[in-house]
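Per TrEMBL, domain 'CSD' is recorded for 3-70. TrEMBL lists 59-121 with the feature region 'Disordered'. Sequence annotations record features per position, and here TrEMBL assigns compositional bias 'Gly residues' to 86-100. If you look up TrEMBL, you'll see 112-121 marked as compositional bias 'Low complexity'.
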Amino acid sequence: MVLNKGKVIAWMNGRGFGFIEDESDKKQHFVHFSALQTETGGYRALTIGQDVEFEVATQDGRTRAENVTGPGGAKLPSGPHPPEGAGRGFGRGRGQGRGGYNNNRNQHDNNRNNNNFGDEF
């Protein structure tokens with residue numbers, strides 16, 4: 001494979017992918033965090049505007065960057081963890097958990113009827 005030079009034009013931290021623009025033909029190539037050749041351990045990510053070297057692989061008519069390194073084949077720096085707020089936001093606090101909201105209603109209302117009629121009948 002041919003070694004290409006390019007620049008990172010987009011990177012989604014929480015999603016772990018982005019795009020690199022090839023310096024020679026200005027084509028944009030998808031890059032996944034698993035293609036980054038980084039120092040051992042840590043969080044693998046790129047920054048917009050970062051110069052990189054990479055190989056281009058084609059699959060199903062789509063191109064992607066593989067074996068992505070820094071200039072001269074240098075390993076990319078790795079961080080300790082993802083930046084704050086990264087991810088899709090589906091962590092804890094997304095609903096009432098198992099059983100739903102109303103299934104355990106009597107436990108929350110001290111087992112009293114909750115029909116909104118009070119003592120009218």
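FYI, residue positions are counted from 1 along the chain as it appears here.
Just so you know, glycine gets a Cβ as well, placed from its N, Cα and C.
Please treat TrEMBL annotations as automatic predictions, because they have not gone through curation.
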For the domain 'CSD' (3-70), residues assigned helix / strand / coil by DSSP: 3 helix, 41 strand, 24 coil
Rounded mean pLDDT for the residues that make up the domain 'CSD' (3-70): 93
